[in-house]
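**Q** Okay, so TrEMBL annotates it like this:
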{"type": "SIGNAL", "residues": "1-21", "note": "signal peptide"}
{"type": "DOMAIN", "residues": "26-104", "note": "domain 'Inhibitor I9'"}
{"type": "DOMAIN", "residues": "139-622", "note": "domain 'Peptidase S8/S53'"}
{"type": "ACT_SITE", "residues": "Asp148", "note": "active site, charge relay system"}
{"type": "ACT_SITE", "residues": "His221", "note": "active site, charge relay system"}
{"type": "ACT_SITE", "residues": "Ser565", "note": "active site, charge relay system"}
{"type": "DOMAIN", "residues": "672-772", "note": "domain 'Subtilisin-like protease fibronectin type-III'"}
Amino acid sequence: MNYFSTFSFLLLLVLPLLATCHEKLVYIVYFGGHNGEKALHEIEENHHSYLLSVKDNEEDAKSSLIYSYKHSINGFAALLTSHQASKLSELEEVVSVYKSEPRKYSLHTTRSWEFSGVEESVAPNSLNKDDLLLKARYGKDVIIGVLDSGLWPESKSFSDEGIGPIPKLWKGICQSGDAFNSSNCNKKIIGARYYIKGYEQYYGPLNRTLDYLSPRDKDGHGTHTSSTAVGKKVPNASAIGGFASGTASGGAPLARLAMYKVCWAIPREGKEDGNTCFDEDMLAALDDAIADGVDVISISIGTKQPQPFDQDSIAIGALHAMKKNIVVSCSAGNSGPAPSTLSNTAPWIITVGASSVDRKFLSPIVLGNGKKFMGQTVTPYKLKKKMYPLVYAGEVININVTKDLAGQCLPGSLSPEKAKGKIIMCLRGNGTRVGKGGEVKRAGGIGYILGNSKANGAELAADAHLLPATAVDYKSGVQILNYISSTKSPVAYIVPAKTVLHAKPAPYMASFTSRGPSVVAPDILKPDITAPGLNILAAWSGGSSPTKLDIDNRVVEYNILSGTSMSCPHVGGAAALLKAIHPTWSSAAIRSALITSAELQNNVGEQITDASGKPADPFQFGGGHFRPSKAADPGLVYDASYQDYLLFLCASGVKDLDKSFKCPKKSHSPRDLNYPSLAIPNLNDTVTARRRLTNVGAPKSIYYASAKPPLGFSIEISPPVLSFNNVGSKRTFTITVKAHRDMMPRIPKDQYVFGWYSWNDGIHNVRSPIAVKLA
């Protein structure tokens, strides 16, 4: 190689590195919290001075600032080169500097409340005086902040009829924009803001045909989640086709709503594929929500990859919220059934998994051989009662479709010549469920069967497809495929669906719900709890369609959706009720009450299972299925303070999230955080953890300990009896978990086993899950 070619080769290697050094991207520079000594303009000037220290001139420093976080969160978001970000990260007062990653965060896409024990179907004058809703005055004057895709203010779920004046302590605003002004707020919707600077910095100006540049929702997700948490009672509500007909209601129907729109449509992608929410926009929203005066924050947003706490905007914002005693409920994610897929695992957050309710939308498929397989759907379209040709999608594909995608019914994959007039059998896997139905319709198919993958098992999500359709479980799908392959002229008929209540068993865990253990904090058992997240009816946006597909022009007031996005606001609504009853309780006390009072059994008296009928475990449901009425009177709670969480972070190796707090020289174990559950990821022989209980029940109470140890282990609780003289009395105890030496060779080292420990006074059963794995 001659000199010139060697130089050219080296130049090719170096140029990308030089470009990376000078390429400006958005970084979040985080300092911790504010001490309240500086005015807002002084804080921004201070942030500007840091930018000026790494920029060439004042104009460049000013133009690069995207957000200055001034209320509880101390930090800023700015356009920086990697070199400038690195220089700032070296400063002693800076906690962390991290890059805003596009597509890092996304949304985790009625009967549910009644099934959870919050009875709205009873007339108010027939309610028992001990009923949770009456005790909580339906969540009156509690304010729930929701970070999402906006809201549709005209929905009946957000009517302010019968609601009193706006709480005097409220400091929020109603921000005007596209098709939205202050008149769209009322005594129900008391605040609405939007945050788009980070999004527009990456994608450029918003395409106003894709989304509204305002708090108005053009997706549907934000309207759905916020009405699940705080929606007013709306009689005769149903999905398209009359499915799930009844009274729609949020968990806290008289609570107030503040919407913080942080999630936006992705250019050149279908809305059915989801949207995106940027770090810097969410931090700005959380900073405002805390200052506005919300009591509860519900966030159905998360990451696909686990994030360290000092680079996780939701975790950072939620820690500041917790410091102000705001309860934060977050979705666990939809990346199940694989283990270690959880999002939002910080111990100061309530992490919510998703499970079913006791309602199904049954639509059987009848084959030409007389066999019938039960499916589910909420499509309003029906076939004429006769048999139709049935084919597997892989038999009617275009020639350019690869074998591995043959049965997926992805856009453009089906041949209209081959598919026309037939019922097409598609498989779950790549693409969206509604998108597959859209492709069958495009190709001229008369109907559509969606067969579950093995991972989805028996879980059936009901969708409002654009043609006659039904979804079947994995075993049924295999048998239908066998019939197709073994029959010369296979035929089938899809029976129109009907709503069936009191289905059994219920609840069961959704296969999509993300699982523990937590990768970021393995000493904290997550998720905390499960709540209804499969086929949930709630309000919908008039700017979207029930499937979100471009070809779907239908407009609905209520829609059925599935995801941990739907379970999260159930717990947000429950937290609002608990806040109304116990306004002095900390966010940790509310989380403890929900976890320790949760239900482990389904409606046939057996342990909650997964979607395939196998016993589920705490890495799917945490403490169990939430029971708000029981959580209102838990007896005892595991409380924790802001300092307790900082000590936990110190023990976890995150030492400077709050620069004003110095980690103690004596090291603690992360498992010593006063949490209402216990995870031991690497047990050698024996581990002892300490816990502290606070009495919130009757004075002069005596509680007795009991335990169900994991297989191969013993649990010793000391002392085994705790006496509480007063409300607010605190008592500490230790839990010692020991592996039986004779059993150790038979316990798989890479596998967790589960158990429980409880405190009981004859009225309350304060139960905590345990997860243990050998080192």
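Backbone N, Cα and C define each Cβ position, glycine as well.
In TrEMBL, annotation is done automatically, which means it is predicted and not curated.
So where do these features actually land, and what's packed around them?
**A** On the 0 to 100 pLDDT scale, the model's mean across the domain 'Peptidase S8/S53' (139-622) is 95.
Around Asp148 (active site, charge relay system), the same-chain residues at least 6 positions away in sequence with a Cβ under 8 Å from its Cβ are Leu107, Asp217, His221, Gly222, Thr225, Ser226, Met259, Tyr260, Lys261, Val262, Cys263, Ile299, Ser300, Ile301.
For His221 (active site, charge relay system), the count of additional Cβ atoms within 10 Å of its Cβ stands at 29 [all protein chains shown].
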**Q** For a quick check of packing: other C-beta atoms within 10 Å of the C-beta of Ser565 (active site, charge relay system), how many?
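**A** Other Cβ atoms within 10 Å of Ser565 (active site, charge relay system): 30.
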**Q** Where DSSP helix means H, G or I and strand means E or B, what are the helix, strand and coil counts for the domain 'Inhibitor I9' (26-104)?
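**A** With helix first, then strand, then coil, the domain 'Inhibitor I9' (26-104) has 28 helix, 25 strand, 26 coil.
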**Q** Tally the residues of the domain 'Subtilisin-like protease fibronectin type-III' (672-772) by DSSP class, grouping H, G and I as helix, E and B as strand, and everything else as coil.
**A** 4 helix, 60 strand, 37 coil
